[in-house]
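Participant: From Swiss-Prot, for reference:
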type	residues	note
MOD_RES	S2	N-acetylserine
REPEAT	4-37	repeat 'TPR 1'
REPEAT	39-71	repeat 'TPR 2'
Amino acid sequence: MSQFEKQKEQGNSLFKQGLYREAVHCYDQLITAQPQNPVGYSNKAMALIKLGEYTQAIQMCQQGLRYTSTAEHVAIRSKLQYRLELAQGAVGSVQIPVVEVDELPEGYDRS
């Protein structure tokens, strides 16, 4: 397993434990290690959404979407688009329930 994958797994584990700030730190390291890999941006965006930091989440989604042009990143692009919509919808509202999903809602490319 690559260092990138180990760091991603650590971040995902922290996320699942509800340690979103710590997960953000792990995902920052992913972005630093591979700035053109959209996975770090996508994962960080979801952790930021959980923290209620919607503006930063929007920025992460927008940055990540710059790097989703390859076929292998189609699923990540869909996640980024979904998370961008979640964060944009939350900006200005009091609070909306946000849940992580293993399956994307209808209308999002699942490839």
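Cβ from N, Cα, C; glycine included.
The structure displayed is predicted, hence computed values, not measured ones.
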Participant: Using a Cβ-Cβ cut-off under 8 angstroms and a sequence gap of six or more, which residues of the chain neighbour S2 (N-acetylserine)?
Facilitator: none
Participant: Mind tallying the repeat 'TPR 2' (39-71) by DSSP state, helix then strand then coil?
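Facilitator: Split by secondary structure, the repeat 'TPR 2' (39-71) comes out as 25 helix, 0 strand, 8 coil.
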Participant: Looking only at the repeat 'TPR 1' (4-37), how are its residues distributed among DSSP helix, strand and coil?
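Facilitator: Its residues fall into 27 helix, 0 strand, 7 coil.
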